[in-house]
Amino acid sequence: MFLRSLLSINRCSLLSLVRTHSTTSNTTHFGYDEVPEHEKQARVNQVFTNVADKYDLMNDIMSFGVHRVWKNYFIQVVRPNPEWNYIDVAGGTGDIAFRYLKELNRFHPSSSSSVSPPEPSPQTTSAESSEKALVYPTSKCVVADINANMLAVGKQRSLENNLHDRIQWVETNAEKLPFHDSQFDVYTIAFGIRNCTHIDRVVSEAYRVLKKGGRFLCLEFSQVNNTLLQYFYDQYSKTFIPPMGQIIANDWKSYQYLIESIRVFPKQTEFADLIRSCNFRYVNYENLSFGIAAIHSGYKL
Amino acid sequence: MDRLYGTHKPTNLVQKSILAVGSGVMSILDPSRDDMISIFGETTGVLALKSMQEKMIVDPEGDEILKKRPVINTKTVDLNFLKSLPAGTLGKEYSNFLAKYNLTPDARRPVSFIDDAELAYVMRRYREIHDLTHVTLGMPINMLGEVTVKWFEGIQYGLPMCALGGFFGSVRLGPRHTAKYLNLTLPWIVRTARQSRLFINVYFEKHWHKPLVEFRRELNIVEPPPKL
């Protein structure tokens, strides 16, 4: 009991540290490792470059396909609307964006024609430096990711799914999106935010690009709320996931990073506080699978 | 468990079982995944490695190898020197072998899943002398040559991966090679493996200058059958 409160104090202080000092602190977490901030991004990049090809297969195997259920439910919570400008950040291989568009097809069939303007703009825009001018989205569905390999896999899949011309692919850092303020009605980020170096900056950036009345939705691994289940979940993660990663993707280390990054991510209430601190209103969360994953939602009002 | 050596990834029994089964299956399904073959060898080879270690300790040259732990890579072996040796010597033939098949001694995967530093070294030594085994036995890199070397290593060391590789690999030989294999190569290699000196005990790096014929005689190897 004392230990748990001690641990929660540690996490709270960690979170306040993240909140108040994230723009000036020198180190951050890469799984259980403590690394200099500028290194985290490079290391995460390396992870996703390595796993991109087998990313979807590994997700299916590790979660026994349950990630599909989570993502389907997530889209139900989003309730896509054809009039919206939608952005999915860290959306690499396109799982969420494809579900969004398919849901639109199902319930609003007349909107399935391409609505992107006929400009010959390049399909992937890369806007890294802050000196470049901000742009407007060229599609009602934008997928942004920092890793080119993941985007490449996503583009290939979009061709196979016949959704290619309805998506604008952007290679960018979630902490600094290349779009003007107030462009989007809905911003989603699924299983991506824990890989970012400064979570608060990502949420602030989400706030910036959302229109007034816009909604921020985050689907992410979170902390399990049941001690017994926590034990089995930990055992399962440590025992199965890195070896499966080695066998299928030839990469033990990336999947070791995965399970560690899940454990160091702030718990549901703390993450909700962080979102509130970025001026979002009506912030709440919903646990999925006993807290293995959680959907956090907030509105810009 | 702590990390016992640089590339060590500590694993428990369940993880090793998953790796063993998974890598075994993947090696068959996708033979180009050489990392799967290495991992299969590491997860199934501990008993064989222990017996190899015991045999190394009782042999003076093997014991020296265990103590000094020599490694074979481009930093420790001077390839230019090997190239300069007279033709027919171990060093020159090895250099020719590497050049002919465009190989480098650096390409061996590091050992990760063996939870003992010395056994991990024995495994590493086994991998690093694989090419030298090819040269000493006079076997090329084609399927027949690889199967032959795997038989040799399987009989001498008892590593399951070698034994299985030799046995099942031969199933995939073409008809011309199968005939040669059954009539000539297999009897020769089995006899050679059993009567020649254990290669893991051979400090190859000390014998670069030796003519291959003499080297083979010292190791009690009968000359290999003629090429097809």
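Placed from the backbone N, Cα and C atoms, the Cβ positions cover glycine too.
TrEMBL entries are annotated by machine, without manual review.
A:D145 is the only one of A:D145, A:D185, A:D200 that TrEMBL places in the S-adenosyl-L-methionine site (with A:T93, A:N173, A:A174). Around A:D145 (S-adenosyl-L-methionine binding site), the C-beta neighbours below 8 angstroms that are at least 6 residues distant in the chain are A:V89, A:A90, A:G91, A:G92, A:L151, A:G154, A:W169, A:V170, A:E171, A:T172, A:G192. Summary for the binding-site residues A:T93, A:N173: the Cβ-based neighbour count within 10 Å is maximal at A:T93.
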